[in-house]
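Novice: Can you keep this structure in mind? I'll have questions shortly.
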Amino acid sequence: MWLCALSLISLTACLSLGHPSLPPVVHTVHGKVLGKYVTLEGFSQPVAVFLGVPFAKPPLGSLRFAPPEPAEPWSFVKHTTSYPPLCYQNPEAALRLAELFTNQRKIIPHKFSEDCLYLNIYTPADLTQNSRLPVMVWIHGGGLVIDGASTYDGVPLAVHENVVVVVIQYRLGIWGFFSTEDEHSRGNWGHLDQVAALHWVQDNIANFGGNPGSVTIFGESAGGESVSVLVLSPLAKNLFHRAIAQSSVIFNPCLFGRAARPLAKKIAALAGCKTTTSAAMVHCLRQKTEDELLEVSLKMKFGTVDFLGDPRESYPFLPTVIDGVLLPKAPEEILAEKSFNTVPYMVGINKHEFGWIIPMFLDFPLSERKLDQKTAASILWQAYPILNISEKLIPAAIEKYLGGTEDPATMTDLFLDLIGDIMFGVPSVIVSRSHRDAGAPTYMYEYQYRPSFVSDDRPQELLGDHADELFSVWGAPFLKEGASEEEINLSKMVMKFWANFARNGNPNGEGLPHWPEYDQKEGYLQIGVPAQAAHRLKDKEVDFWTELRAKETAERSSHREHVEL
């Protein structure tokens, strides 16, 4: 007992000097964890960092394709000072993404495991005091098939804004989203992992200096889609209090809207399993090793589009599904009924979402920048698996976006805008309007800046490509070298906006450009240099696509009635 008291006295003394000599130890409901202190250049306040804290049992054996279960308790002091393994995924794609997106000075070497349900915590709190700082829980992107927690260092955001940052991992790909669309494997396992992590935060974050009554979930791309799903899910009620969806929401056709059962059969067949019944497929796939499932995953070529085969037979991603549990009914119904979590909500897109990085990842044949309408129509149809645009709609879409030019380079740019609108712009506005109409505070932004850290291969004129805002949100200029004063100030402003929103449900604050609420006037903020308010983001595009889809639905139901007669 006296040893514990002595340790506590010395820890208090060290912390008061700002240079702790003893590593931080914190109690969780499962056992004690030992972390490390990190200091950001220019700040005396150290950040206590805990890497690889388990929030659930390893999802192995019978827990593959099953909801996560709470972690087993431990009786020793668990060292949580090194990054956890990433969830199983394509290692080459993971490395490519980390190189492009990370705010770290150098890439953290990757290890992969099915045992991957861990989270990282960055807390600037004095752990000897009863601090109650706002908590920001990050859900990474990567198309629900790649990436992990080690891409994001939470120290700059934690120390600049005095918030507790938590970065979670969740099952990906086949492991995270395999669905037979019935009780044998409902799917959405990765989203259920996210819910489990939020339960862990509620139970434990107070001991890390965080306030469990002030939790903001935020995520980008598939992480933004995940945030959007959690906003709709009754399972996540009261687990968070604000939400930020960056560059994707539930209606992104890449990640939601396709039948999962044909994909399940294809996966099972590639694994050498019988596909006669759901039970047979699930039982067989549970017997496969991690490496055998990875081999199947690589054969499926997730994260790329097949521009040669039948697009209706191609599955570039494993989708979020309506499972009756996480999503009890269709998102459209949940939004119409206003039966979702009406927390303050920030939704945003980047100016050129489909500018360079996603076409490159998906192998779009656009490198020559020489496009004509016929080729554009062909590419749109081949991209059906990620866009869900039927052949009937393609001529109208091509005419609307490309009809005003004959120049191949301009046509290419407009074509990229078309796809960006389908995947990101239009769904984001639709979700924001639904949230606003339910009476919840809503804010929108469009990010319009080219970070200095992006690849030299990218066209110079491209401002606000997919994921560009990550460098500002995560304080990359304070970890990487070469940022200008302008870029440093932009990052400070963006971190302040995000943290203000986490604190108050409103991004505005002293010394910041005014960010209008997204009300009936549809004000939003253009984030760039300078940042300025504007109105009606993508409203004409939303009108066009809403009308076009409604016409198609009406024709389909009229045809169905005719057939029935």
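Indices start at 1 and increase along the chain as displayed.
For all residues, glycine too, the Cβ spot is worked out from N, Cα and C.
Straight from Swiss-Prot, here's the annotation block:
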{"type": "ACT_SITE", "residues": "Ser221", "note": "active site, acyl-ester intermediate"}
{"type": "ACT_SITE", "residues": "Glu353", "note": "active site, charge relay system"}
{"type": "ACT_SITE", "residues": "His466", "note": "active site, charge relay system"}
{"type": "CARBOHYD", "residues": "Asn388", "note": "N-linked glycosylation site"}
{"type": "CARBOHYD", "residues": "Asn489", "note": "N-linked glycosylation site"}
{"type": "MOD_RES", "residues": "Ser378", "note": "phosphoserine"}
{"type": "SIGNAL", "residues": "1-18", "note": "signal peptide"}
Novice: DSSP on His466 (active site, charge relay system), three-state: which is it?
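Specialist: Reduced to three states, the DSSP call for His466 (active site, charge relay system) is coil.
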Novice: Report the nearest neighbour of Glu353 (active site, charge relay system) in space among the recorded positions Ser221, Ser378, His466, Asn489, comparing Cα positions.
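Specialist: Ranked by Cα distance from Glu353 (active site, charge relay system), first place goes to His466.
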Novice: Measure from the CA atom of Asn489 (N-linked glycosylation site) to the CA atom of Asn388 (N-linked glycosylation site) and give the result in Å, rounded to a whole number.
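Specialist: Asn388 (N-linked glycosylation site) to Asn489 (N-linked glycosylation site), Cα-Cα distance: 40 Å.
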Novice: Given a separation of at least six residues and a C-beta threshold under 8 Å, show me what packs close to the residue listed as 'active site, acyl-ester intermediate' in the same chain.
Specialist: Gly141, Gly142, Gly143, Gln246, Ser247, Ser248, His466, Ala467
Novice: How big is the gap, in Å, between the Cα of Ser378 (phosphoserine) and that of Asn489 (N-linked glycosylation site), rounded to a whole number?
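Specialist: Cα-Cα distance, Ser378 (phosphoserine) to Asn489 (N-linked glycosylation site): 44 Å.
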Novice: Given the recorded positions Glu353, Asn489, which one is most crowded in terms of C-beta atoms within 10 angstroms?
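Specialist: Top count of Cβ atoms within 10 Å goes to Glu353.
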Novice: Radius 10 Å, atoms counted are CB only; among the recorded positions Ser378, Asn388, His466, which position scores highest?
Specialist: His466
Novice: Give the three-state DSSP assignment (helix, strand or coil) for Ser221 (active site, acyl-ester intermediate).
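Specialist: Once the DSSP labels are grouped into three classes, Ser221 (active site, acyl-ester intermediate) ends up as coil.
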Novice: In which DSSP state, out of helix, strand and coil, do we find Ser378 (phosphoserine)?
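Specialist: DSSP call for Ser378 (phosphoserine): helix.
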Novice: If you run the three-state DSSP split on Asn489 (N-linked glycosylation site), which class comes out?
Specialist: helix
